[in-house]
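What Swiss-Prot says about this one:
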type	residues	note
SIGNAL	1-19	signal peptide
MOD_RES	Gln20	pyrrolidone carboxylic acid
DISULFID	Cys51-Cys66	disulfide bond
DISULFID	Cys55-Cys73	disulfide bond
DISULFID	Cys67-Cys74	disulfide bond
MOD_RES	Ser81	serine amide
Amino acid sequence: MRLVVCLVFLASFALVCQGQVYKGGYTRPIPRPPPFVRPLPGGPIGPYNGCPVSCRGISFSQARSCCSRLGRCCHVGKGYSG
């Protein structure tokens, strides 16, 4: 079993050294996906920002957080601005 693992490692290392795997030269690390955002009460959320689409049903602290982080501020009777 160790022999098989060793041979697979050597074969993959040889391909990398010959440039068969990464033909573009320097390769950047793959970016991490954004963290999972839990939906807040009050409706669907916007893309990756964690703030509901409407101002209805969110707490004061959630509204203040969306306003300070993203500039999406709730106004009484008007909904979001910004």
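Start at 1 and count along the chain as shown; that gives each residue its number.
Every residue, even glycine, has its Cβ placed from backbone N, Cα and C.
Predicted, not measured: the structure shown is a model, and the values here were computed from it.
Neighbour density at the Cβ, taken as the number of other Cβ atoms within 10 Å, is lowest among the disulfide-bonded residues Cys51, Cys55, Cys73 for Cys73. With respect to Cys66 (disulfide bond), the closest of these disulfide-bonded residues in Cα terms is Cys73, chosen from Cys55, Cys73, Cys74. Cys55 (disulfide bond) carries neither a helix nor a strand DSSP state and counts as coil. Every protein chain shown contributes to the tally, and the Cβ of Cys74 (disulfide bond) ends up with 22 other Cβ atoms within 10 Å.
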